[in-house]
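As annotated by Swiss-Prot, ATP binding site applies to G45, I46, S47, G48, G49, Q50, D51, S52, T158, K187, T209, with the evidence given as sequence analysis. What Swiss-Prot lists as Mg(2+) binding site is D51, E163. Annotation comment: Swiss-Prot describes R138, K171, D178, H258, K259 as deamido-NAD(+) binding site, evidence class sequence analysis.
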Amino acid sequence: MSIQKQIMNDLHVKPSIDPKQEIEDRVNFLKQYLKKTGAKGFVLGISGGQDSTLAGRLAQLAAESIREEGGNAEFIAVRLPHGTQQDEDDAQMALKFIKPDKSWTFDIKSAVSAFTDQYKKDTGDQLSDFNKGNVKARMRMIAQYAIGGQEGLLVIGTDHAAEAVTGFFTKYGDGGADLLPLTGLTKRQGRRLLEELGAPERLYLKLPTADLLDEKPQQTDETELGITYNDIDDYLEGKDVSSEVIEALEKRYLSTEHKRQVPASMFDDWWK
């Protein structure tokens with residue numbers, strides 16, 4: 001089996017999908033997992049990007065379906081800006097589309113600043129912009145888990161196949177969650193689900209950005225990765241791509257394996 005086929009299998013990618021069926025299956029997964037755990041609902045940070053918009057709407061549909069069946073469940077959408085967010089209008093548009101049961105805002109800027117100031121005071125070193133960006137991602141997850149713990153909710157993650165294959169997420173930041181309803185989807189497949197759900201085009205056609213760097217605000221994922229999502233999706237869906245794309249993706253996949261595993265122990269062999 002080729003590495004490409006192995007990656008497709010490992011990440012549960014289908015070359016083609018039925019958007020309606022995928023929506024139904026993923027909503028059912030959220031419902032079943034929630035019932036199994038006995039939690040009271042879900043919480044997710046909403047950025048205004050494609051992934052959190054899709055995961056948020058699926059979570060809301062799951063909560064509503066559980067209530068229609070006589071159960072109790074709620075979805076809390078959380079805005080987690082670092083000060084003023086340049087694309088705040090998109091975040092508000094996403095919330096309007098998702099229609100969450102509750103919407104809260106938790107500005108992480110003061111918490112991040114307190115940490116970076118203390119880091120410099122105690123180490124004598126200024127935290128790099130890259131590592132500060134990871135602190136932002138982890139602070140957002142701290143906030144979501146605090147809300148989840150306080151309210152009895154499960155934290156939803158937005159990782160999907162195009163992020164998983166590149167390792168393009170912060171370990172124990174946006175990579176930390178209780179359940180992942182977008183697993184196996186390529187970026188373009190996620191767009192198809194949002195289109196099926198009736199989301200505004202602006203939310204799934206905008207260029208994806210993690211927006212974690214102060215020095216490069218709104219830098220796109222594709223700029224940071226050096227690979228387009230079209231190429232990533234083509235690879236994951238088993239289509240022909242250039243040798244340069246194959247080499248770049250497979251190199252990233254192998255080098256970021258630690259992000260897709262639980263912490264290594266002497267009894268594991270995936271890292272050897």
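Here, residue 1 is simply the first one shown, and the rest follow in order.
The backbone N, Cα and C atoms fix where each Cβ goes, and this holds for glycine too.
Swiss-Prot feature annotations superimposed on the structure.
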{"residue": "G45", "record": "ATP binding site", "DSSP class": "strand"}
{"residue": "D51", "record": "ATP binding site", "DSSP class": "helix"}
{"residue": "R138", "record": "deamido-NAD(+) binding site", "DSSP class": "helix"}
{"residue": "T158", "record": "ATP binding site", "DSSP class": "coil"}
{"residue": "K171", "record": "deamido-NAD(+) binding site", "DSSP class": "coil"}
{"residue": "D178", "record": "deamido-NAD(+) binding site", "DSSP class": "coil"}
{"residue": "T209", "record": "ATP binding site", "DSSP class": "coil"}
{"residue": "H258", "record": "deamido-NAD(+) binding site", "DSSP class": "helix"}
> Expressed to the nearest Å, what is the distance separating D51 (ATP binding site) and K171 (deamido-NAD(+) binding site) at their Cα atoms?
Replying inline: 17
>> Quick check: of the binding-site residues listed here (R138, K171, D178, H258), which one has the Cα closest to that of T158 (ATP binding site)?
In response: D178
> In Å, rounded, how far does the Cα of R138 (deamido-NAD(+) binding site) sit from the Cα of G49 (ATP binding site)?
Replying inline: 18
> Tell me which residues of the chain lie with their Cβ under 8 angstroms from that of H258 (deamido-NAD(+) binding site), as long as they are six or more apart in sequence?
Replying inline: K171, A264, W271
>> Cα-Cα, whole number of Å: E163 (Mg(2+) binding site) versus T209 (ATP binding site)?
In response: 12
> Quick one: largest C-alpha distance among R138, K171, D178, H258, K259, binding deamido-NAD(+) per the record, in angstrom?
Replying inline: 18
> What is the number of other Cβ atoms found within 10 Å of the Cβ of E163 (Mg(2+) binding site)?
Replying inline: 26
>> Long-range neighbours only, meaning 6 or more apart in sequence with Cβ under 8 Å: which ones does G49 (ATP binding site) have?
In response: D90, A94, L203, K206, P208, T209
>> By the count of other Cβ atoms within 10 Å, pick out the sparsest of the binding-site residues S47, T158, T209.
In response: T209
>> Distance check, please: Cα of G45 (ATP binding site) against Cα of D178 (deamido-NAD(+) binding site), rounded to an integer number of angstrom.
In response: 13
